[in-house]
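This report concerns only the one structure given below.
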Amino acid sequence: MAYYRIVWSLSTTSDMDVVMRNWIFGLLLCLGAVVTAAEQPQVAQAEFEQFLDELIQPHMDKAVLSNVSVALVYNNQLVVSRGYGFADQPNGQKLDPSQHLIRPGSVSKLLTWTAVMQLVEQGLIDLDADINNYLDFTIPSHPSGPVTMRHLMTHRAGFEDVLRDLMATSPEQLVSNEEWLKRWVPQRVFAAGTVPAYSNYGAALAGYIVERVSKVPFEHYIEQHIFQPLGMKNSSFRQPVSDALAGQIAKIYDISGEKQVPYDYISPIPAGSLSATAQDMGLFMAAFLADAAPLLSAKSRDLMLSYSAPHVDGVPSMSLGFIRADEQAQQIWGHSGNTRTYHSHLMLIPEVGAGLFVSIGSAAGRAQAYELRQALNTAFIKKYLPAKAIETLLHSDPAGAKQRADEVAGYYQNSRTSFSTLLAVLQPLYRLKVTATETGDLILAGYNKADNTPWLWREIQPYLWQQHGGQDKLSAWVKPNQSVMLNIGALAAVQSWNKVHPLANAAVLVPVWCSALVILLLAVLKLPYLWFRYKKLWLQQTGAIAVIAVACCALALFAGLALLNQALDGIYSFAPSDLLIRAAQLLCFLAVIGMLPAWLLLKQSIASGIWLQRIQHGLTLLAFLFIASYLAVYNLWSVQLYY
């Protein structure tokens, strides 16, 4: 749910181990031999359990992770589900992958998209029709045309990001999916179908359409048409879960093992509120891989997987709901999900009928969870895909590589962000710097190797770069108006980076901000200086009131910025108090008012002919002007508190 990195660890640098080859060979022999059906899974299960234990147990010994749930599918069948760690640490209760419910986060969306495709199959939803046809409220028009279900399923509806009330810590704080959708419709900031911008709002819309078209509450629809047919008895989209399942929820504790972390409630239910066991998720994967699909016809299932949103070959793309990556001439589909306490990933390799689901519970070990998730994904792919050494790729066109690298170099804004709300004030802090080297390679700030040295991205064909010595790729779309859009690595399918003006970035704006704040701080410190030097006499001087007004406005601005920082801290998880935001807005507005006394002081200093005062008051005016302009341009004073 929350803003996340989808970890596709597409490493394929070694052969399948000998044991795995022998197992496959033995399986083929079993097809013609007299062997009981019970004997085959026992062999497979023991081997797969060993495979998982050897990978996961060393990470559990670090005592940072609370629990890990895994399900593994092979030959279209669930062969093993495995649990590690605790479902209730203080009481010593071990995690049971068949009984204990974890939170897969945005992996939930795969069930939502499956429900959509069931209704498409029945002719009740048209993938390319205006979704307003199915809604009882209106998605605003856009010059690019209407939003369709295909746009929602590929995260290309063009919506800005929505965060408010995404998560809660109690059922009382929850907002219904319908209310969450209707109270504020985010702006369509991109042309429909053109820019990948991951959207929980879009997934929530799709679930609401399922509810309206089927005339059944979304949670009930999933129970009737997905859980029951598959025997997923320990799964639920309801919040809170039923009394029958409430005692099966795995608990996450802080690193001390004493304080329980609150359960995450998700307002846009279709986007991420699933609670499920690893075993149930294995049943879902097996159903999706089976030729006789119990959820969808083979035609609908294949349509869901075969469609590909516009993209550059070599980088991950969106199918209908799944993220698709090409590896070793085979295709891998999957989706990740992150809540505050769970980091999950589901991966399918239809070519060999294999699937992997992993969910890692941890209150403080996000980095360790990602490390394990990546290691497991890498080992899984190595085990099932033919080996292929990573080649050192050369420039496809050395003469033009430098020119294209220079064209792409600059600063970029993430497509998954807020544009029209007060959260836009954070935009410049998270912009990506891309630098071109003399040899035509690219360097991306923050994209570093394990030794903290930057990756070099080397061009392998025009406008397509690959990590030199790695596997992630970067594509650039240069549009006729010379705007540039980058799609990078694992996240290329669901978000892009769009080039911005070189002055609109943190490298420029942060120093200017710091300078402005220092200037205003000096204006504040001028008051005690004048008092101690001249006592009450300076109050009789011309402009004394203006000096006091400037200092008061500056102090109020500092207080407003402090409140704003407090309000925005953690906003990606939980909404701050509206009163806190309003207070910050009001105090920051003093930057606008402060321009008036600053202008009066500058005017007075011009008349007096004292150059030092002219410089001082001129800089003070410019400081107020810059801060007020920035806050206005980036929507701090938004009247609506939706974001």
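From the backbone N, Cα and C atoms, a Cβ is placed for every residue, glycine too.
No curator has checked TrEMBL annotations; they are predicted automatically.
As the structure is a computational prediction, the values presented were derived from the model and not from experiment.
For reference, TrEMBL has these:
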DOMAIN    52-358  domain 'Beta-lactamase-related'
TRANSMEM  508-532  transmembrane segment
TRANSMEM  544-564  transmembrane segment
TRANSMEM  584-602  transmembrane segment
TRANSMEM  614-637  transmembrane segment
Long-range neighbours of the transmembrane segment (544-564), counting only residues six or more past its ends (CB under 8 A): 425, 517, 520-521, 523-524, 526-527, 530, 538, 580-581, 583-591, 593-594, 596-598, 600-601, 604, 620, 624, 627, 636
Same-chain residue ranges lying at least 6 outside the transmembrane segment (614-637) that approach it to Cβ under 8 Å: 420-422, 424-425, 427-428, 509, 512-513, 515-517, 519-520, 522-523, 550, 553, 557, 564, 585, 588-589, 591-592, 594-595, 598-599, 601-602, 604-606
Integer mean pLDDT for the domain 'Beta-lactamase-related' (52-358): 93
